[in-house]
Protein chains: 2
Amino acid sequence: MAKEKKTPRPKAETPKGFRDYFGAQVTQRTQMLRQIAEVYHRYGFDPLETSGVETVEALGKFLPDVDRPNEGVFAWEEDSDWLALRYDLTAPLARVAAQYRNDLPSPYRRYAMGPVWRNEKPGPGRFRQFYQCDADTVGAPSVAADAEICAMLSDTLEAVGIKRGDYVIRVNNRKVLNGVLEVAGLAGDDKEAARGIVLRAIDKLDRLGVDGVRALLGEGRKDESGDFTKGAGLDDQQAEVILRFFDWETSRKNLVRQGINASLMLENDDWQSWLNAGISADPQLRKGLDDPENADELRNRMAIFHLADLVRDSSIGMEGVRELKEIADLLSAQGYGPDRIVIDPSVVRGLGYYTGPVYEAELTFEVTDEKGNVRNFGSVAGGGRYDDLVKRFTGQEVPATGVSIGVDRLLAALHATGRLDTKDVGPVVVTVMDKARMADYQTMVAELRNAGVRAEVYLGNPKNFGNQLKYADKRNSPIAIIAGGDEFEKGIVQIKDLILGAQMAENATLEEWKDRPSQIEVARTDLVAEVQKMLAGQQESQS
Amino acid sequence: MAKEKKTPRPKAETPKGFRDYFGAQVTQRTQMLRQIAEVYHRYGFDPLETSGVETVEALGKFLPDVDRPNEGVFAWEEDSDWLALRYDLTAPLARVAAQYRNDLPSPYRRYAMGPVWRNEKPGPGRFRQFYQCDADTVGAPSVAADAEICAMLSDTLEAVGIKRGDYVIRVNNRKVLNGVLEVAGLAGDDKEAARGIVLRAIDKLDRLGVDGVRALLGEGRKDESGDFTKGAGLDDQQAEVILRFFDWETSRKNLVRQGINASLMLENDDWQSWLNAGISADPQLRKGLDDPENADELRNRMAIFHLADLVRDSSIGMEGVRELKEIADLLSAQGYGPDRIVIDPSVVRGLGYYTGPVYEAELTFEVTDEKGNVRNFGSVAGGGRYDDLVKRFTGQEVPATGVSIGVDRLLAALHATGRLDTKDVGPVVVTVMDKARMADYQTMVAELRNAGVRAEVYLGNPKNFGNQLKYADKRNSPIAIIAGGDEFEKGIVQIKDLILGAQMAENATLEEWKDRPSQIEVARTDLVAEVQKMLAGQQESQS
C-alpha cells in the first residue's frame, strides 16, 4: 500500500472579508457597548441575546433554492433543516416576539448587541461580520414610542462621548412620502413601477444632486459615460412636488418668498389655530424664515408648515405630518429641541423600508476622507417604524419601532474626534535578570497587581536583556522593574521610566530632562508605592 | 398561468440546540465577563477578538469530505472555500499566532471571550452555541507561565464571587503520566494501542471506581448489561503502577504505611537534600500523613514525594515532577497555598490532550442535582500546556499554555450559591391616565432618568388601567406613578409602592403594614426625590 501523502500546511489567514480585533480595538468597543447598554437600560429596555444561528425559514426573505440559499446570508443544510447566520438583529427579534408572545410584557422594549453576518463580496471597508446595537419597542402603536427612541438615541450619543452640537437626529415619515406620491398623482396599484423609480431616484440625491434626480423623475438621465437610465416619466409639475419634499434647503428659501397657505384643515385644535393664524401672525417664525441662520429653534415648526402645505390634499400624508408634529412636541416638552433632533424632509434613507416615522443620527463635524476630501462624518445610526414584524409568523399585525447603531462607525467617529487613544497603556514589566529568582519576580508582580497596578513578569528567554526592553516597548509598557543579584543583596530594585526614557531619546538635548532621571533605585519594600508615584507622574505630564 | 401558491407561515422557533437569553441572563453574564476581563487585564493579558467564521483549513482537525464536512463543526462551501464556525477559541488563536507572528509581542498573553459553536446532537443541557472565556500565553516555555495562569484563575474565581474555600485548582502533569506509562512498561511505538485503552480507562475513574478501572487495565470488564469491554492486558503489577498514580486517596494512605524511599536522585540540590532527608526527618510531613485532616498545607509536598517515588526511573516522569514542584514553589512564594491550588495526581481531564502541566478549577460546595443527589458542584475551568499550537501552520514549535472558563457553568454556580438574583429590578412605570398628556408623562420619566432612575412611560393601549398595573407587575417594577386630570390640576402625583403592595397582598393581616401606606400623594415638584426615597426604603427592607 502506498504511504499516505503528507497534508500540506494550512494557510494562517483571516477568511476573506473578516477581521481580527486586537487590544484597544476590543476594549474600546466593549466600553462603548457598556455605555450604550446603560442608557438603554435606564430607558426601561431589557437585553435579549439570541444565538448567531437561525433557521432560514425564520429569517425569511432568504429562502434556499435547490442546493444553495440565495445571496446575502451564510447558510447550510443541517439534518434537512436550512440554518443560517443572522444578517441583522431585527429578524431574530421578530421570531422571539412571535415565539414568546404570551410571556413577554407588552409593549416589549428590548435591546440587543452582537455580531451579524452578511454574505457580501468582500471589499475595502466592507466586512462580512460586524457589530450591531439595536433597541426596539414592540407592541406600542403610539408615536410616543418613536419619540422615546429619538430621545434615547440622543442621550446615547452623548453618553459615548459625542458632544452636543456635533450630531443631529433627523426625523422624517414614510406616510408623508406616501402623501407626496399621492399628490404627485402616483397613487394606485398601476403606478407601482413609477413609484419604484422615484424611490430609487431620490435615494441618489446625495450623489447626483437636484438636477440629476429631476432628470430621473422625468424622461431619464444620461451619465458621464453616456449610459442612459430611463426615468419615471413624471411631468414637471409632478417632479416639482417630489423635489419640494426632499429638497428641503430650496423649499425653505421658497417658503420665505411665497408665504404659507394658512387655510389648512387639521383635527388637532391647538395646532389648527396655530396654523390658521398663519405665518404672518407668528413674527418669530417670520424672523426665522427671513434669517435661517438664527432659525434653529424654529426649524421643526417650519418643516411641519412646509409638509402640511405640501400634502394637505392627502389624508395619509396629513396623518404623517401630524405624527411628526406630535414627535416634535413630545421631544420639545422633554427639552430635546432642534439643536438635537430635527424634523427633516430630506431624510431619504429607510423611507422605502419603514412604514411610519424614520430617524437617522448624523455626525456633523468634518473629517478628511481617504481621498483627501473634507466632508461631514455622516450617519452612525438609523431606524424607524415597521408594523409587519410579527405578522409573518402569526398573521397578527404588531406595531414596532426601533433603531440600530453602527458600532464600528461610531467608534471610528470617536477616534476621528481624538476622544480615543489607539493604544492601550501596557503593563509594568518586571524583567528577569536571574532565572532562579522567578519566585521573587512573581512576588513583585503579585504585590503590584494586588495594589491594582497592571503588571507582569517577562516570560520569554531572559538571556538577552535588550530583548526584554524591546518587549516592554512593544507592549507600550510605562515602567520596567530591574533587579539582579546586586539589588537582591542590597534589598533594592531599579524602576525604569520607559515613557520618559522614550521622550528623552527623542529630545536628547532638552535641558528639562536633566533633573528627571529615567531610572531610580528604591528600597524593595517601597516598590509598589514608588511605581504608583511614577505612574501618577506620567499621567500628569501627558494630560 | 396558475396563481402563485401562498407561502405557509414560518415557524417561530429557536433552532434546535440553541438558546435565547433574556434580561438578567444577559446582564449577569456581561458583568461576569467584565469582572474576568479586569483580572486578565491586570495580569497583562490583551484582548483578541476574531470573527466567528474561520476557514475549515485553518481550524484543522475537521476537513470536508466530498460534499459535507465532518461532524463537530458547522461548515459550508463559499466560493470554493470551506468556511466554518469556530468550535473553540484556541484554534483561532493558533491561526492568529502564526499569521501575526512578526508583529505580536513574544511572549503573547491574550484573552478572548465569545460564543463557539459545536455541531452536536442537541440534548438536555447540551447546547450548540455557548460562551468560552480563555486566557493563553504563547511563546513562554517556562512553567512560570503555567503557575501564573493558575494564580490568575484563582483570582478570577474570587473576583466573580466564588469564596476562598469554595474552590480548588488542581494541577497535574502529562509528563508524569508519560513517566508512569514508561514505568508500567507501556513506552514504545508498539504499545500505542494499550496506552489508548489505559487513557480511556482512567478517564472513567469517576464513573466505574477503582475496581472497574482495574478490570479495564487488565483483561477487560463486563458491565451490568453483560457487555464486555476488552482491557489493556496489563498484569497486576503494571496496573498497580497506573492506579497508584491516579488513585491518590489510596496512595496517600499507603504512604503512611510504607514510608517514602528517600534515595531519589534529582538534579536540584535543595530539593534533593529535602527528599534525601526523607519523610522521617520531616516531622511536619509525618504529622500530615498521619492525620490527613490537618495536612492541608502539606498536601503539595506529599503529592510531589509520592510522584517522585513513582516515576523515579523515568527521566520524562521526573521532569514532570520537577515542573510540578516548580509550580508549587512559585505559587507558594506568592501566597497561593494548597488552600487554593493543589498538586493532585488524580486529575485526569485533559491529560490526553495537553503536553505538560494540566490544571482544573473545581467548585467544592455541594449542590443537589436534577436527580436529587447531593454532589460537589464540580469543574468550571480547565487548561494546560500544549506546545504544537503554531507548528501546524509554520512548522515551528511554539510553547503555549492556557485556560478556558466555562462561563455558563460558572454563572450556574453563582446562582447555586444564591449570589445572583434571577430577576432584574424593573423600571419605575409612569402610567397613562390621560393620553393627551403624553408629553407630561414623558417629562416625568425624563426627569427620573436624568436622576439615574430607570424609568419608562406605559406605551400600550392605556384604556384599561388594570392592564397597566399588570404590565408593571410583569416588568418587576418597584414603583408606579399615577397622575390624571385631578392630580395635574392640584399639581400632585400618586406614587405607588408595588413591592410593598405585593407583600401586603400576600400577608394582608400583618399589623406592621398598617403604618406604611403602599401609595402616597406628593407634590409634582417632589416626584424625583420621593421616588428615590421609596426606592432606597425598598432596598433597605429587602437586604
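Backbone N, Cα and C define each Cβ position, glycine as well.
The candidate list B:Arg101, B:Arg118, B:Arg340 contains one residue that TrEMBL assigns to the L-histidine site with B:Asp88, B:Leu89, B:Thr90, B:Gln132, B:Asp136, B:Arg349, B:Tyr353, B:Tyr354, namely B:Arg118. The secondary structure of B:Asp88 (L-histidine binding site), as reduced to three states from DSSP, is coil rather than helix or strand. The number of other Cβ atoms within 10 Å of the Cβ belonging to B:Asp88 (L-histidine binding site), over all protein chains shown, comes to 15. Here L-histidine is bound by B:Asp88, B:Leu89, B:Thr90, B:Arg118, B:Gln132, B:Asp136, B:Arg349, B:Tyr353, B:Tyr354 per the record. The longest Cα to Cα distance in that group is 21 Å.
For the domain 'Aminoacyl-transfer RNA synthetases class-II family profile' (B:1-427), the predicted model reports an average pLDDT of 84. Taking the Cβ of B:Gln132 (L-histidine binding site) as reference, residues of its chain lying under 8 Å away and at least six apart in sequence are, in sequence order, B:Asp88, B:Leu89, B:Ala112, B:Met113, B:Gly114, B:Pro115, B:Val116, B:Ser404, B:Ile405, B:Gly406, B:Val407.
For the recorded site, B:Gln132 (L-histidine binding site), the DSSP three-state label reads strand.
Annotation: B:Tyr354 carries the greatest number of neighbouring Cβ atoms among the binding-site residues B:Thr90, B:Arg349, B:Tyr354 [cut-off 10 Å, Cβ to Cβ].
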